[in-house]
Structures are given as structure tokens and as C-alpha cells.
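Chemist: Structure below; questions to follow.
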Amino acid sequence: MAAVTLSPCSMCCGSRRLRSVIVIQAQRGNWNRIRLSNFFFSKVWNISYRSKHKYSDNLLEQVEKYASARLENQSKLITKVAALMECDNVDDFIDKKSDEQVKKDLVLACKRFPSIILGDSRPVELYSNSKSYGESSSILKTPTDNSFLPTPMHGGWFDPDNLSRTLSSFCPELLQNDDSSDPREDILDDGSSFTSKTATSEVEATSDDVFAAQRFLATSIDSMPGLSKRHSNQLDSCGFHTMKKLLHHFPRTYADLQNAQVDIEDGQYLIFVGKVLSSKGVRASSSFSFLEVIVSCEVSGRDRTPEDLSHNAEDKAGKSIFLHLKKFFRGTRFTWQPFLNSIQEKHKVGDLVCISGKVKSLRAEDHFEMREYNIDVLKDEEESSHRAQGRPYPIYPSKGGLNPKFLSDVISRALRVLPANMDPIPKEITKVFGLPSLNDAYVGIHEPKTLDEADLARKRLIFDEFFYLQLARLYQMLQSLGTKIEKDVLLEKFRKPVLNSVYIEEWSTLTKSFLKALPYSLTPSQLSAVSEIIWDLKRPVPMNRLLQGDVGCGKTVVAFLACMEVIGSGYQAAFMAPTELLAIQHYEQCRDLLENMEGVSSKPTIGLLTGSTPAKQSRMIRQDLQSGAISFIIGTHSLIAEKIEYSALRIAVVDEQQRFGVIQRGKFNSKLYGTSMISKSGSSDSDDTSKADLSMAPHVLAMSATPIPRSLALALYGDISLTQITGMPLGRIPVETHIFEGNETGIKEVYSMMLEDLKSGGRVYVVYPVIDQSEQLPQLRAASAELEIVTKKFPKYNCGLLHGRMKSDDKEEALNKFRSGETQILLSTQVIEIGVDVPDASMMVVMNAERFGIAQLHQLRGRVGRGTRKSKCLLVGSSTNSLKRLNMLGKSSDGFYLANIDLLLRGPGDLLGKKQSGHLPEFPVARLEIDGNMLQEAHIAALNVLGDSHDLEKFPALKAELSMRQPLCLLGD
């Protein structure tokens, strides 16, 4: 410790800042002095323990007394500790400790999160296992720690002399030579090959510019020129952390500063621009007040003749109208004069404003009232330029209390410094689909010259959202394949779906035997569906497929054949139905077909597991599933219970998947099989099972007559493959749909049609929304309450009752009586909606039909028309307003058409979450129900890009953007 010397400067605390710190600490009280004393004590104690020097021991004693020492002694002591730590003063000591902590944090972060980017380096790709920087033997030497350098991205080195072209960075741009790849034959469609036409040097230069632009979008908002610290903090606190976040705050609408060019009618939603004539807060009573703002606007009068316009120059400019904007307040606190003064001062006389809302005409000519409106103040200079050029004016939504005008100004500044070449998507792709560049899209949506330009910019941003989702999905599928040939074949099958099938001769022996046991022949559409599913089952990746077809088209037997294909290969199959009645029906149907099979030495073992299965029998079934004794299990939610363990589950079929929640449908994915099972049903078509098969999640086949919007959205986006059965079995007679209002006249006509059908030997379902009468909803008809009424109305016919509260035996008995003809009228709830098969049922009556969804009504209609009789479906609405929605079902019996209607009404749901309705939060611009036609274009573009470069190495900027937009954790397993 003899080397430790305290200079006079250090003994004087080194700087004024040190003394001020001590003074502040002293002023804050004894608690802070104790904290500082403990901090110094720990530092000096470590040195004293290591050195055993008398000086450090004496200093340790002084530190113990720091909290009670005088101010000047505290100052001297701090300087001694700083010198002991080999620092000039306390400032130097604090800076060193801060640097050590930052370095420690960086090392830890880079070790745990290798995708973290330091400085302005090139983004690290998330889709490949890139080697660390330290493993490269020919790296440009820099004084920077190698552990913080980025990973090489693509071929070709940058010349160090040219690095000054890029933004200032933490380390040089790194690229890697890779001349081992040979040119390959292009399998893309005509016009889809584009990289072969571009020189390598040009691609590298373009990629460099794009990377610089991507770094610009990722820069912090406080780096924007001319933005004050206060404004940058406001933007950051409202979520605008980066330039990209700011540019993605899009206008909610555009104002046409030329105003309306049409006649104004009551109820129209219009946008006007005008000047405030008056703003007045009025106290109408002791507890009621309102604000009235009068705005003068100019519109062109279409009601005037051309002759009038030619004689009057003033008329050519249009006529003036007056908008009375009114907002009402109730409560005594809203009648105080200070409040009234404050609200009327928000809109000053002479302000230029943009108003949007619903108009209502007043008695005075050219005077209109608006009670629901949005009002935005415009700037005179902006208004004059926009009006002179006829440009639309963007109206931004406020966020976090920020003024829309302020947001508009900041966005305009960002557009001025936006790089010209910033598009990661190849120009050939945007050119083929007639889309603008990314720079033009940002400018076009924020500062459009015309509404058409704004619409084109919106299409480009929508295309980006769809394209990256499609590209991520296809890229992930390609990475699961090994060879280039396999990847080419997969892409070709996506281009030509007709190839996605196998011939019947390639089916397993068990599947072909089951097909022969059917008492009827499959339709061509059914055979095509089976071949397509079996093709998917033979692939080395888990299947995720939706089987869609109208009610009664034969989806169940197609699923049975898919299960036989899996069982014939030595694995297990699970079939989950939403109701116990349907599970029993499927079990009995499959059992009978297996008994009729011929030419099979050992038939598959089938089991039934529902909530009503006795405990002892349920335990035996679980043991047989775990051991592999049961090859095919049919049941309800019991199949996904935690107690259930499968020996070798290979396929999970979810029947009527719209009845299950997102979590329930996903639980099958957790039922991984760990070992191969030797089939108890016969010889396996394959003797060996690959190790990859032993850890792969089971295939999932979902079936639905009307897909819920979320499933339809996933199918359109490509995360679910779609198989559609378009044909119907021969002899199937279409069901007539009739709509009635639930008044006395309508009910009388319904009963008349029921009696006519019963006299001809038919059987009638009558479905109600509730079981018992409800006091909260007295207008709803109840099944149990209506039983007595219907029985008296049809005394010559027997009536039965079926609902969900009944015991399983009672429900089965009621259904069997109706099936056998013992009862001719069955009053029920929606428990019969799914899968109940009574061929002689010829009429379906749905009371209070507006209480059911479109999918439910389509399913209920499918319970009739399964035999040779002509069938009818009668939908009874409670009011006239409900008939409009019900008429949609009367116009079509196509499940996909009705699913699109449901999609339009409800939205596609949370794509990556658990919500079943609403709009996609991941896509701020796209609306699937409106912009769904662009999905196919995005899919084609993704196929073209991956066809030209399977690993996206030819498009490094695109790959980096994909890594940021669609990380693996979002794509799922």
C-alpha cells in the first residue's frame, strides 16, 4: 500500500462536484449517510482483507465512523477511498464502476441472447445457427472486443475503405465469401426468376443501402433532427420509441378540402372543411347544458342546372352550408359558467376545421346538425397548399394525449429524412404486382397527392404484412427438409395442389380393406380428400389440416380412412367429438364397419371414452391406451384429460372443431408419443420407425361444416392446409329454407306446415334457445315450457323432449324413440346440433332463430334432408329486424359462403392468441374480411422468392427483416 499516495488535489476532494455531493448527502439526513457508510465499508473491507496493510486497517476504522463524522472529514475520507481504488477522484471512481457494470451486462446479454445487435451492425438472423464472430479466421482487425461483433450475413467482403459510406457503427460491416453454390435450374413460373438477371455487385450495394435504411427505421425517436428533448420524451412515453413506430401511426381518414360534391341527405356520413363562425356554451337548465359550434362550409350545388351555373360565376364556386355541431352535458357541475367558458374556447372563431360525422337537416335551408362528430383544427398554410393542389388532408388519431397536429408535424419531419432505397423486398416482386416502393408507400399514405395514391400505398403495406407471414411459414417448412430436391418438390406441390395426393394403390392394406367394407361408394370428392390427407400423413412434418364440407357430405368416413392409414402403420388414432351423443354414434358406426371388414387377420381394437364411462372401465381404457392395446379411441373432452397417456398417438381428429375452444384444440399437440407401437391390428406397412417420428407431434385433422372465422383466417393465411369436399352423396335432396316472423300469424303458419309434414309420415325437430322460461328474457320460448303447448296442438302425435341437463341414458332413450318413430315430434335445445343422424327426419323448426349463430343454424339445418324425403327448415325470428340476417341462410346452403359471411360480421379473431372474434391486432392496416384477396398474391410472391433461394441467402436484407417480423417463437411448433 506504499504505492498509494494522496495528492493535494485529491485531498481537497478533487472537484467542486464532490463537495456538492457530500453536502446533498448530509442534507438528506442520517439514513443516506448510513447507506454511504455501508457502501464504503464493503469496498475498503475487501481491500483490507486481501492486503492486511496497516493503512487499509486504519482507513477501515475511519469508514466505520463515516455516518457520524463531520462534513469536511467525510469529504477527506471519500477522497482516500477513491485513491485506494486507483482513481483520481470520486468522479473517476464512479465512472469506472459504471463501465464495469455495463461491460458485465453486455457480456451476459450477448451470451444469453445472441440475436442482440450492438451499435449499427448488421442484424443477426434468427433463422440460422450462425457461428460466432470469434470462430472466423479472416476477420477485419479492429480494437473492439470480438465477442460483441455481429455475425456474417451473406457473401462478399466490403472494402474497408468503402465502410465510410455506411452510418457510424460499432464495428465494420462483415460479409462472408461463399462461392460453393452452383447455379441451379429455375423451377419458378415464367417471370418469377429475377436474381439471375442482377449482377452480384449491384445486389451487394443495394443490400448495403437497405441495411442502412433498416438501421434508420430502428433508430431512437430522439435522433430526429430538430426535435426537442421534451417532445422526444412525450413521443417515447406514448409508444413511439423508433422511427418505424412513428411512421406506422397511419391516418384514420382523409379530408377532401374541396368538400362534398353530392347532394346532402339525412343520415349520410360526410367530411367537411370550413371555418368556425361561433362557439357557444349554453346553460339550458340547472342540470343541463350544451355546446354549439357553427361552421360555415362551401359545397358545390348539384341541384342547380348547368344553365344556372353558366350565368352565375359565384354559383360555380359552390354554395355555403352551415353545420351546427352540438354536444350535450347532464349534471350540475356542467352548468357552471367556468366550465361553459372553457369548452367554448376550444374552438375559436376563424379556425379552419375538418369535421366528419352524420348529418341531419334542419328546418332552415342549407343548415344541418351534427351530434356525433369528430373535429380537427387545420393549419392555414397546410390547408392552402392542399386545397390548391386538390390533395387529401390526413387526419391522425390522437394517442396518449398527443395532439394530432403535433403528430402530423413530426411524421412530416421523419418523411423528409427517409432514405430513398429502403425496400428489403426485391424490386422485381413489387413490379410484378404493381406496388410502389416502401419509401413511396410511406410518403403516399402520410402525404398522398390523391386518394388513389393513398389506396395504393395502403395496398403495399398490406402486402408486406401478408407476405412476411407467408414467407415465414414456408421458410420454416423448408428448413425441416434436408435436401434441395425435397425443398423443390414441396414448393412445386404448393404451386400445383393437384399433386398433393396419392393413388389408392399406395394406401395401406388396412385402409383399402376398410374402404371395401363400406356399404356405399365414395364420391370423387371424398376419394380426392382421402388421397390428399394420406399424402400429408406420409410427410416428415406434422399435418395441420382442415377438412371442410357441407353438412352430410361424408366427412366422418374420410376421417375414419385417415385413421386406418395411421393404425395400419403401427400407431394410434384419436377421434374427439364435442358431444357424448355424437361420440357414441361415431363409435357404433366405426365398430360396425370394422366387423364387416374381410381379409384382415387381426382387426384394430376400438374404444369409447366419455364423461359417463364408469370409473373402472375408464381406468382399464387408460391402461390400454398407455400400453398400446387400443389402436383407435373415440370420445369427448375426456381424451385430452391430464390422466390420458398414449403409447404412440399419430393422428388426432377433432370433429366439429368450431365447438371446441382454442386451448382445447391445442391440447392434442401436447400428447407426444415417445415409442413406436407394434400394431395389434395386423402387420405394419413399415418395419422401421425413424427417430424423427418418435419425437414428432401428432397430425391434427379438424373437421367442420362451417369453419369459425379464426379457423378460416388461419386457412387463408396458410397455417392450416385446406381440404374441401365439394360434392354431395347421390340422391341427396336439397333442404328448403323458409323464414318467418315470430308473431301470431307466423307461428300459425309454422304449425300448419308441421301438421302437413306429419300427415305425410314425416318427423319434426323443434329447437329452442333455452330449456326453461327466463325472467330476464321472457320473449324467448323454452323447450320444457313449450312441450305441453305443442302436445295439445298435435294431440294425434307423440312428443319427446331432449336437452343437455338430462342424464345420458335418458338422452339416448329420447333420441332412439325419435329415430324408431315412436315419437314424431322432438322438442330439443341445440344439443342435437352436431352430428345426430335420423334419416327419416324431414323438418327442422328453430324458434327464436336470431339467438343462434350462422354456423349453428347451418348445422341444425343439416339434421334433416338425410333420407329420401323432401325436407324443410323453418327459421322463426322474434322481430322484423332479425329477418335480414336469417335471410342469408335462405339464400345459400354452402358452408364456405356462410363462413365468409360470419368472417365479415365477426372478424378473423386473434391469429396468434385465444380470442375467437375481433380484428387482427398484429396487422394495423390489413383487414382479412376486406383485403383477403391479396393473400394469394403474397403467397405467390413468397413461393417465387424461396424458389430462387431456399435459405434466403440471396436476399440478406429480406432475411433480416423476416427475422425481426416473424421470430420462431411466434410461428409455433
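The backbone N, Cα and C atoms fix where each Cβ goes, and this holds for glycine too.
In case it helps, Swiss-Prot gives these features for our protein:
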BINDING   Gly549, Asp550, Val551, Gly552, Cys553, Gly554, Lys555, Thr556  ATP binding site
DOMAIN    536-725  domain 'Helicase ATP-binding'
DOMAIN    746-904  domain 'Helicase C-terminal'
REGION    1-208  region 'Sufficient for chloroplastic and mitochondrial trgeting'
REGION    174-200  region 'Disordered'
Chemist: Going by DSSP, is Thr556 (ATP binding site) sitting in a helix, a strand, or coil?
Modeler: helix
Chemist: With every protein chain in view, how many other Cβ atoms are within 10 Å of the Cβ of Cys553 (ATP binding site)?
Modeler: 24
Chemist: Quiz question: given the binding-site residues Gly549, Gly552, Gly554, which has the greatest number of C-beta atoms lying within 10 angstroms of its own C-beta?
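Modeler: Answer returned by the neighbour count: Gly549.
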Chemist: I want to check the contact list for Asp550 (ATP binding site): same chain, sequence separation of six or more, C-beta distance under 8 angstroms. What comes out?
Modeler: Ala705, Ile725, Met728, Gly862, Ser893, Asp894, Gly895
Chemist: In three-state terms from DSSP, label Gly549 (ATP binding site) for me.
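Modeler: It is in a strand.
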Chemist: Other than Gly549, Asp550, Val551, Gly552, Cys553, Gly554, Lys555, Thr556, which residues of the same chain sit close to ATP? List them in sequence order, counting a residue when its Cβ is within 8 Å of the Cβ centroid of the site.
Modeler: Ala705, Ile725, Met728, Gly862
Chemist: Within 10 Å of the Cβ of Val551 (ATP binding site), how many other Cβ atoms can you find? Include all protein chains, please.
Modeler: 22
Chemist: Out of Lys555, Thr556, which has the highest number of nearby Cβ atoms, where nearby means within 10 Å of its Cβ, if these are the binding-site residues?
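Modeler: Per the Cβ count, the most surrounded site is Lys555.
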